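Q: Mind looking over this structure? Questions follow.
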Amino acid sequence: MSQQQMDEETPLLQPVKQKKARTPLPWRQFSIILFLQLAEPLTSQVIAPFAPQLIRDIGITDGDETRVGYYVGLMLSLFFATQALTVLHWSRISDHIGRKPVILTGLFGLSISMYCFGLSRTFYGLVLSRALNGALNGNIGVIKSMMVELTDSTNLAQAYAYMPIAWSSGGAIGPLIGGSLSRPADRFPNIFGHSQFMKTYPYFLACAVPATFSVLAWIVTFLFLQETVPTRVTLWQLLKGKNREHSASLKGPVTSTGSTDSLSTEDTSQRAKAGGSKPLPLRSLLIPRVIIAAGNYAALSFFDIAFRAVQPVFFATPVELGGLGLDPPRIGNILAIYGVINGLFQIFFFADLHDRFGSKTIYSVSMAVAIPMVITLPILNAVARVQGLSLAVWAIVGLQLVLSMILNLAYSCVFIYIAAASPNQASLGATNGIAQLGVSIVRTIGPASATSTFSLSIRNPHHAWIVYYYLIALVCMGICTSLLLPRQLWKNTH
């Protein structure tokens, strides 16, 4: 065969060689991870419907409705402030002692903090509960690392398409629990009307449900979750100071039983060989591609957490002050509907959309739809002032939920970029920790800044649009940051 014939045939054969069959997901372990992920959105979203009323009840605003948003945002930000101080350390520790001990610690923190939150009767009690929650919880980055370690390049997008199941389910169930079970003595007088405990702690029942679920998740993790890191030292040995004595006997890859549950894949083994089995120092991880991926994750999260903080406060604020004047049960129903449709859309469409358009295109489009999503807020108030809670208002709410659903496609894309940015498999936890550190910092700023700006908007009619300008500015920052992402995922260079 001549060289010309070979050159003519090669382009036709190239796509066939690059196309790999999608590896089946290891469903046994994968389903456990999805179950564990439900604990965090459940505990975070359960307070959303009643947070404004809780702030009113504890009396810290002295009846000033315009200050409610400020304290709601401050309370939400505390979790991320303390998480920012510890999340990188938890992620790096998981590279050494394994993912499972860190996840168990995080679930313990979620459970204890939510019980304490439900028993808090002062703003300072709420502050301490949220701070404890954030400090002990490093599960976000660790679970993402496990997700990558369970998959390869052919099924990673499919795996990330299922990740929103947990967040959407928690986003749907959490608000329903919070809206339905808060103040049970008032809502269900025949059952709880004679309970002095429920009258004294009107939000304990709503908090106890996700706290108890975290206990159940801890038990499932302890009994059934398999480690994905070939650890050199166990947590007990680390505490006893016997690292050198026992490290040699604990080396070796960890695999699960069953052909579809193998934790050893072609991609992960190649990455391990490329960078070695040793986690890299933190300074070696601060390379451009890690910073770009983490920066985009932070920019996306900054806007998203700011909008999610403003949304329930906007729904709860009286129409004459610039909101919709909805009660907690109705707010919970709206957030629950969003959770359901978002999860279903991600499951059935993200993997195919990703295969067709790629991470860069989907991420860019998802960020762009955030601008009309913000604009729906002032339009909702304007229509409600004229027509009340008419059909038109609910149609606009529905449009807002659809746009939010498209925005959430960006998360799966940026997770794929972060996984690709890790220099080697052994540093995957630390890479996710760096990304999560940036996100925790912006999520500390986001809720408090957004709700404070909203409070300023409703306090002064001349500044009524300042919160919307602020949110749109965050979107523009995210769009600019997305320009740094490459169209093709990074390759390992070490």
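Including glycine, each Cβ sits where the backbone N, Cα and C put it.
TrEMBL labels come from automatic prediction, so no person has curated them.
Heads up, here are the entries from TrEMBL:
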type     : residues : note
COMPBIAS : 254-267  : compositional bias 'Polar residues'
DOMAIN   : 29-490   : domain 'Major facilitator superfamily (MFS) profile'
REGION   : 248-276  : region 'Disordered'
TRANSMEM : 68-90    : transmembrane segment
TRANSMEM : 102-124  : transmembrane segment
TRANSMEM : 159-182  : transmembrane segment
TRANSMEM : 203-225  : transmembrane segment
TRANSMEM : 286-310  : transmembrane segment
TRANSMEM : 331-350  : transmembrane segment
TRANSMEM : 362-384  : transmembrane segment
TRANSMEM : 391-418  : transmembrane segment
TRANSMEM : 466-485  : transmembrane segment
Q: Against which stretches of its own chain does the transmembrane segment (203-225) lie, if we need a Cβ under 8 Å and a gap of at least six residues from its ends?
A: 29, 32-33, 35-36, 38-39, 42-43, 46-47, 50, 54, 100, 103-104, 107-108, 110-112, 114-115, 117-119, 174, 177-178, 180-184, 192, 197
Q: With Cβ-Cβ distances below 8 Å as the criterion, list the same-chain residues six or more beyond the ends of the transmembrane segment (286-310) that contact it, or say none.
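A: Long-range Cβ neighbours of the transmembrane segment (286-310): 48, 69, 72-73, 76, 80, 363, 367, 370, 373-374, 377, 407, 410-411, 414-415, 417-418, 420-423, 431, 434-435, 437-439, 441-443, 445-447, 449-451, 454, 467, 470-471, 474-475, 477-478, 481-482, 484-485, 490.
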Q: Under 8 Å between C-beta atoms and at least six residues away from its ends: which parts of the chain pack against the transmembrane segment (391-418)?
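A: Distal contacts: 144, 147, 156-157, 160-161, 163-164, 292-294, 296-297, 300, 304, 324, 334, 337-338, 341-342, 345-346, 350, 353-354, 359-360, 362-363, 365-367, 369-370, 372-373, 376-377, 379-380, 383-384, 431-432, 435, 485, 489-490.
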Q: Same-chain Cβ contacts of the transmembrane segment (331-350) under 8 Å, 6 or more residues past its ends?
A: 45, 48-49, 157, 160-165, 167-180, 312, 315-316, 397, 401-402, 404-405, 408-409, 412
Q: Averaging the per-residue pLDDT over the domain 'Major facilitator superfamily (MFS) profile' (29-490), what integer do you get?
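A: Mean pLDDT, the domain 'Major facilitator superfamily (MFS) profile' (29-490): 81.
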